[in-house]
Amino acid sequence: MTHYDLVVIGTGSGNSIVNHRFADWKVAIVERGTFGGTCLNKGCIPTKMFVHTADVAATPAGSARYGVDEELTGVRWADVRDRIFGRIDPISAAGSEYRHHNPENANVTVYDGTGRFTGVKELTVEGNDGATSVVTGDRFVLAAGSRPVIPPIMGLEETGFHTSDTIMRLDELPRRLAILGSGFVAAEFAHVFSSFGVEVTLIARSKTLLRGEDAEIAEHFTEIARGKYDVRLQHETVRATRRPDGAIELMMLHPEGKQLLVVDELLVAVGRTPNADLLNPQATGVEVDREGRVVVDEYQQTAVDGIYALGDLTSPHQLKHVANHEARVVKHNLIEPENRIKSDHRFVPHAVFSSPQIAAVGLTEAEAQEQGIDYVVSRQKYADIAYGWAMEDTTGFAKLLADPNTGQLLGAHILGPQASTVIQPLIQAMSFGLGAYEMARNQYWIHPAMPELIENALLALPLTPKS
Ligand SMILES: Cc1cc2nc3c(=O)[nH]c(=O)nc-3n(C[C@H](O)[C@H](O)[C@H](O)COP(=O)(O)OP(=O)(O)OC[C@H]3O[C@@H](n4cnc5c(N)ncnc54)[C@H](O)[C@@H]3O)c2cc1C
Ligand SMILES: NC(=O)c1ccc[n+]([C@@H]2O[C@H](COP(=O)([O-])OP(=O)(O)OC[C@H]3O[C@@H](n4cnc5c(N)ncnc54)[C@H](O)[C@@H]3O)[C@@H](O)[C@H]2O)c1
């Protein structure tokens, strides 16, 4: 049994905690999978590299409206895949090498294996090489992330399927792909594979895709998606079978009856569950809530003094910028326990990198209504700003909600080109309390740039000056 000052479990955002400020600490890092975690290896980064490539592949299909005739003559899947992972895999390997062998990490021991609490502040690591080690620590950081949910569909395991963990490493592009789910992962991969020429069928139980978004955004996105690939709404997949010819047959229930779908590959994208169960946190007194998340306070500390948790393991926002923010809070609180800081989850934004993009922060209109909050609303189409004319955009818009009493923004929802970038000034305004009326009028907005979408949406809010 070896004792450490600090034990970090998980090398996603958890890995960013240990730096020169911990040089005097004896540190253990435990990682069961690929160094760098989900975002680097299987999440944000490769998906966005595929999404950008898909945007390029989709360009010819939309260029005729500008009077430019282009043709997509092919997508070299193996080249796309190998370019992307040819860049990512060495970064992950270098991160692992750095922690294992670089003299700057002389105080750090890496355990390649799965950690599981077997007592109070005692972790048993089943090494990937079969060896077992027991480590104890004064402090722990639980940063073990989440994994894809596999729904209980008859025959699914025997049939075989992909998740976001494996779909990006396919040997070749399938002719037909079914995607089960209607959230972030489904929306992004539907764009990627349909742009690459794959016949995509998206199977959703809900009445709209992306139902966590503001209802107007979700409805518009669903309508646009239906024009690009086959979208089956209100379909419950009940059985999967592998046919003798190798194809996959899915049986779905729909209000109007049973349906069969035959595809070559299946991507399951129905959510992610925290990896808390792998850690057996109860053995050290750490609480887990009904959703399976490790419970933390505003300092990111669990019920046990000195045991902190962060990221997908604990947060309802399964987003990298949230995991990174929480890692910075935990780092500070470890180094300065007498002067701890709180994490700030007031205005957590997100973006869906599909086509079109979606970005949002704050309340949806339905949430404002449910919470009985007084609000005013404005909408601004890309089609009615100069850059929208340049892009010939016909579907994009921004929707803003503001409190008429305080003049503060309550929510922002954007569907359209570069939504993930265009939204940033609104996140800033909400975070720093800048009034919507003043924001619109007391600064220059570059003409004729895309943020004029925001300027006009702000000007359209029926507000009065507050300062
Ligand atoms: C396809 C996809 C696309 C995404 N795109 C975006 C995006 O565009 N923007 C965004 O903000 N977010 C995105 N996300 C979400 C983002 O990847 C996660 O929110 C983020 O990576 C979580 O970081 P983390 O440090 O909490 O966990 P992870 O990065 O998952 O790290 C946890 C690590 O812990 C290890 N581990 C687990 N259990 C144990 C154990 N018992 N012992 C030892 N090690 C263990 C795991 O192997 C893993 O390496 C995406 C996710 C997916 C799946
Ligand atoms: N751009 C980004 O920031 C990004 C991209 C990808 C993933 N992520 C993160 O990863 C998380 C997981 O993504 P996800 O898309 O897997 O989950 P999700 O929670 O976004 O969406 C899953 C959807 O699948 C539906 N569903 C559940 N069971 C189903 C079933 N049996 N059949 C059909 N549909 C079913 C759910 O109702 C839900 O709408 C996201 O919530 C997000 O936090 C973020």
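Cβ coordinates come from backbone N, Cα and C, glycine included.
Note that TrEMBL annotation is computational and uncurated.
Taken from TrEMBL, the feature active site, proton acceptor covers H447. Residues or ranges marked as FAD binding site in TrEMBL: K48, G115, D312. The NAD(+) binding site annotation in TrEMBL covers G181, S182, G183, F184, V185, A186, A187, E188, G271. Taken from TrEMBL, the feature disulfide bond applies to C39-C44. As annotated by TrEMBL, domain 'FAD/NAD(P)-binding' applies to 4-324. What TrEMBL records for 348-457 is domain 'Pyridine nucleotide-disulphide oxidoreductase dimerisation'.
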Listed recorded positions adjacent to ligand 2, that is, members of C39, G115, A187, D312, H447 whose C-beta is under 6 A away: none
The domain 'Pyridine nucleotide-disulphide oxidoreductase dimerisation' (348-457) [mean pLDDT, rounded to integer]: 98
Filtered binding-site residues, from G115, G183, V185, A187, G271, whose Cβ is under 6 Å from an atom of ligand 1: G115, V185
K48 (FAD binding site) versus recorded positions G183, G271, H447 - nearest by Cα: G183
The residue listed as 'active site, proton acceptor' versus G183 (NAD(+) binding site) - Cα distance in angstrom: 35
When distances run from the Cα of D312 (FAD binding site) to each of the recorded positions C44, G181, A187, H447, the nearest one: C44
Max CA-CA distance, Å, over listed FAD-binding residues K48, G115, D312: 30
Cβ-Cβ neighbours of G181 (NAD(+) binding site) (radius 10 Å): 25
Distance check against C39 (disulfide bond) for the recorded positions G181, V185, A187, G271, H447, keeping those with Cα within 10 Å: none
Of the recorded positions listed as C44, G115, H447, the one whose CA lies nearest the CA of A187 (NAD(+) binding site): C44
Residues in the domain 'Pyridine nucleotide-disulphide oxidoreductase dimerisation' (348-457) grouped by DSSP into helix, strand and remaining coil: 40 helix, 27 strand, 43 coil
Shell list (NAD(+); ref centroid = CB of G181, S182, G183, F184, V185, A186, A187, E188, G271; cutoff 8 A): I179, F189, L210, A269, V270
Between C44 (disulfide bond) and G271 (NAD(+) binding site): CA-CA distance (Å): 15
Most Cβ neighbours inside 10 Å, all chains, among the binding-site residues G115, G183: G115
Rounded Cα-Cα span from C44 (disulfide bond) to G181 (NAD(+) binding site), Å: 18
